[in-house]
């Protein structure tokens, strides 16, 4: 059997695989804020990014290693393809963390070997020990992944895994890269690895899976029953295509059904010892932070963290819950950090009160950021009687979300009505502080604002999504606007909140434009899609 740490290790890849969601790109400060909250949540490993992809990705992983990694903190991990350049960049990026890991991978399925890598099985069997051994010479903790393991020939998979462990891999990850397998198949795959890889006892078995068929969480839970002891997942299940296995669903399934899973860990059924180290009361806070910073809205009926997860509409259900919550609720909402209690702030609230509440919500702002957030808070408090947690989250998300500003919105004015043609006048500041003003007409005030901004910026793009939601209840609620722009096949999101949704739309559009410009300059590699040259392999 594989090495058993006695519980399930939670490997969070929100900052790497989760960020690959279309339009979910994060800047350095956003990544740092999420990493700090993941540490509070109690995850075991944070995969902070793909350091070789770009200088920005390298800097983000390095900064997280410096500020979040610690002797008692999470392991800080970076992803690297099976190449010396990737692995060396990864080692350098995670070096500041006392507990660090290199996660390297290569595909093992025939379809990937033939069409993506153009390599033979023999080539892969030569590359794996060489690259794992090189990674192990740089760090003590090396994870190796067999990309597309779910569609790989099991016998070949066993050979590759055995070679990786012999070369020094301490964790073996089995990805269902395209979300193809069913729970019984995935469980059998893990069981087969335990049975047929002679040295599997020297490594922890990890699993990684995508949700293309909606089976990722079910697959993982079946894998746990068959010996997997590390689960690679993301907050809110975000990720490429249909997303990844959801951290909150996995953790709460193991928490609520602990008596069922305990025997698979050799425990008594009634053992009260948690199966993960996650602090479940931090789940809701973490979910909201990730949603706010990525702009990926959580669907209302999403398990555990959706707005309706603890709501009851049916009269029969409401009656039952009022008499005894256990009639229709298997989870106490407070267990995941959802509470009806709230501290309302207003225009008389001071800086210390705002700072304290932000810290409780998971935001650790610098003095400069706090000053700006407090100024924004006071401005909002003049227009809105009561400032709620969701208002604060919107303010700070907007604050820390700002990419390096190529453009800055100074003025928005609109005229519209039933007998008027919607017209907008906007003023933009460029990075040198020069002002330009322009006007445009549109089908509505928001369309007019976006057209005017586009004309001034001169950055070709296609607006593919505009959405607005109310941050809180009431007629004075802030409107949270998300705008997504597309250019050269890449998506860029902008978000902003204001009590005036037209102003918020202008701010969100400029935010998206700044991200687009920064993204064009960044030109990141994609770990699974970009080619790699292996310097030491003459046949490649």
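The backbone N, Cα and C atoms fix where each Cβ goes, and this holds for glycine too.
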Out of 12, 17, 430, 447, which does Swiss-Prot tie to the same Mn(2+) site as 208, 210, 244?
17
Simplified to three states, DSSP reports residue 244 (Mn(2+) binding site) as strand
Within 10 angstroms of the C-beta of residue 210 (Mn(2+) binding site), the count of other C-beta atoms across all shown chains comes to 24
Can you list the residues of the same chain, besides 17, 208, 210, 244, whose Cβ falls within 8 Å of the Mn(2+) site's Cβ centroid?
13, 175, 177, 209, 211, 216, 232, 233, 234, 239, 240, 243, 245
Let me know the DSSP-derived helix, strand or coil state of residue 210 (Mn(2+) binding site), please.
strand
To see if you understand the setup: which same-chain residues, six or more apart in sequence, place their Cβ under 8 Å from that of residue 208 (Mn(2+) binding site)?
13, 17, 145, 173, 174, 175, 176, 177, 232, 244, 245
